[in-house]
Amino acid sequence: VIGIVSLMLQIGNIISIWVSHSIQTGNQHQAEPCIQSIITYENNTWVNQTYVNISNTNFLTEKTVASVTLAGNSSLCPISGWAVYSKDNGIRIGSKGDVFVIREPFISCSHLECRTFFLTQGALLNDKHSNGTVKDRSPHRTLMSCPVGEAPSPYNSRFESVAWSASACHDGTNWLTIGISGPDNGAVAVLKYNGIITDTIKSWRNNILRTQESECACVNGSCFTVMTDGPSNGQASYKIFRIEKGKVVKSVELNAPNYHYEECSCYPDAGEITCVCRDNWHGSNRPWVSFNQNLEYQIGYICSGIFGDNPRPNDGTGSCGPVSSNGAYGIKGFSYKYGNGVWIGRTKSTNSRSGFEMIWDPNGWTGTDSNFSVKQDIVAITDWSGYSGSFVQHPELTGLDCIRPCFWVELIRGRPKESTIWTSGSSISFCGVNSDTVGWSWPDGAELPFTIDK
């Protein structure tokens with residue numbers, strides 16, 4: 001009898017445990033990550049939903065960020081100098097970490113964030129596929145982006161477009177990207193809006209269609225860019241485009257005989273667009289084009305005797321047309337117009353891509369002398385520099401009542417100047433402020449060659 005009672009008690013205990021376990025597992029969800037974010041888009045409004053799993057209880061929190069229109073109607077902020085904003089140290093980190101081989105980096109900001117865009121070579125630093133990446137145009141090049149100040153790696157970067165020439169900007173609602181790829185005699189620009197292909201532009205001169213390598217400029221929901229097609233050492237064709245929600249709504253070919261525009265750096269100012277470009281044909285000063293939202297334009301060259309291109313002659317007497325001395329070849333650069341004055345960014349060296357400085361010429365937009373009142377060191381002449389370009393921070397991002405001017409500098413390393421199998425670069429950036437600043441040198445700082453080069 002005792003044995004029968006004991007057996008029944010054990011069976012009852014087993015049944016009790018089984019029922020209890022079934023009730024518990026029935027109330028539990030399947031295993032989930034602790035935090036899961038889902039971003040949806042509803043009527044151009046970002047809805048960021050974050051699920052937080054605490055003690056098997058789910059709480060749903062929503063943070064809604066309404067889109068805005070980046071007006072671009074404000075004037076540039078008054079500034080007295082440039083404060084350092086970012087430095088990614090990509091080459092230094094890439095000697096050991098997984099960092100993309102890149103060139104042509106640039107920065108662009110929305111009303112929420114700033115991102116670094118760059119053209120990869122489909123390869124990582126210190127890897128065999130980095131060999132031969134001195135080449136500008138290949139089918140492996142892609143436009144990608146990452147948060148500003150971070151080294152561009154496969155783990156923090158977002159694919160944007162297949163491209164060996166590119167531009168990007170944000171209108172307050174979505175990112176517009178422009179990526180050019182294809183053969184030299186028939187390349188096509190692919191326009192994407194919010195990551196979706198919305199339009200294309202075919203090469204119209206069949207001679208290396210190319211664009212800014214820096215941000216496009218947005219005003220009142222429209223974004224504007226400049227493209228070039230034709231010889232790099234002679235008269236070419238130049239068009240300005242108005243783009244709305246990723247679609248070209250208007251374009252105008254510039255009537256610009258004896259002008260040469262490449263790799264324009266564009267920015268909005270009081271509702272209009274100003275672009276300062278590269279003359280690769282015959283000018284050691286920089287050409288400019290300014291236009292309104294209807295693409296009614298004016299053209300000229302920066303008149304200052306402080307020359308902005310590279311190579312260039314020593315400073316002297318400028319011209320409001322192309323300065324032909326040392327005018328062939330060139331480098332992407334930028335300037336900011338303030339009335340008759342101009343902030344000029346340029347390499348320190350007159351004949352190599354090294355050093356960088358910012359110079360304020362109070363009458364340099366229209367005057368031909370070489371007098372200046374401010375010079376701020378950015379990179380020492382003993383360190384490599386490279387391309388440079390403008391980007392702005394809108395009032396919707398900064399909370400200011402003006403458009404903040406900023407710039408980035410590419411710090412090129414490797415071929416053709418150094419004994420490596422690769423060419424890549426890191427970048428630094430600065431923004432204009434009306435408070436204390438300091439001149440110094442912020443070089444790339446990587447020790448070459450790498451293991452792959454030995």
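Even glycines carry a Cβ here, placed using N, Cα and C.
Binding of Ca(2+) is attributed by Swiss-Prot to Asp279, Gly283, and the same site annotation extends, among Asp309, Asp315, to Asp309. Candidates considered were Cys266, Cys303. The record in Swiss-Prot pairs Cys275 in a disulfide bond with Cys266. Within the set Cys169, Cys218, Swiss-Prot assigns Cys169 as the partner of Cys216, by disulphide bond. As a whole-number mean, the pLDDT of the topological domain 'Virion surface' (14-454) in this prediction is 92. The Cβ of Cys216 (disulfide bond) lies under 8 Å from the Cβ of Ser167, Ala168, Cys169, Leu176, Ile178, Cys223, Phe224, Thr225, Ile243, Cys266, each of these being in the same chain and 6 or more residues away along the sequence. Measuring Cα to Cα from Asp136 (active site, proton donor/acceptor), the recorded positions that fall within 10 Å are Arg103, out of Arg103, Glu262, Cys303, Cys402. Cβ-based crowding with a 10 Å cutoff singles out Arg278 as the top-ranked of the binding-site residues Arg103, Arg137, Arg278, Arg353. Across the structure, Cys406 (disulfide bond) and Cys277 (disulfide bond) place their CA atoms 16 angstrom apart.
Cβ atoms within 8 Å of the centroid of the Cβ atoms of Asp279, Gly283, Asp309 (the Ca(2+) site) belong to the same-chain residues His260, Arg278, Asn280, Trp281, His282, Ser284, Asn285, Arg286, Pro287, Tyr301, Gly308, Pro322, Val323, Gly327, Gly330, site residues excluded. Remark: Cys114 (disulfide bond) has Ser86, Ile107, Ser108, Pro147, Val148, Phe391, Gln393, Leu397 as non-local neighbours, by Cβ distance under 8 Å and separation of at least 6 in sequence. Per Cα geometry, Gly283 is the residue among the binding-site residues Arg137, Gly283, Asp309 nearest to Cys320 (disulfide bond).
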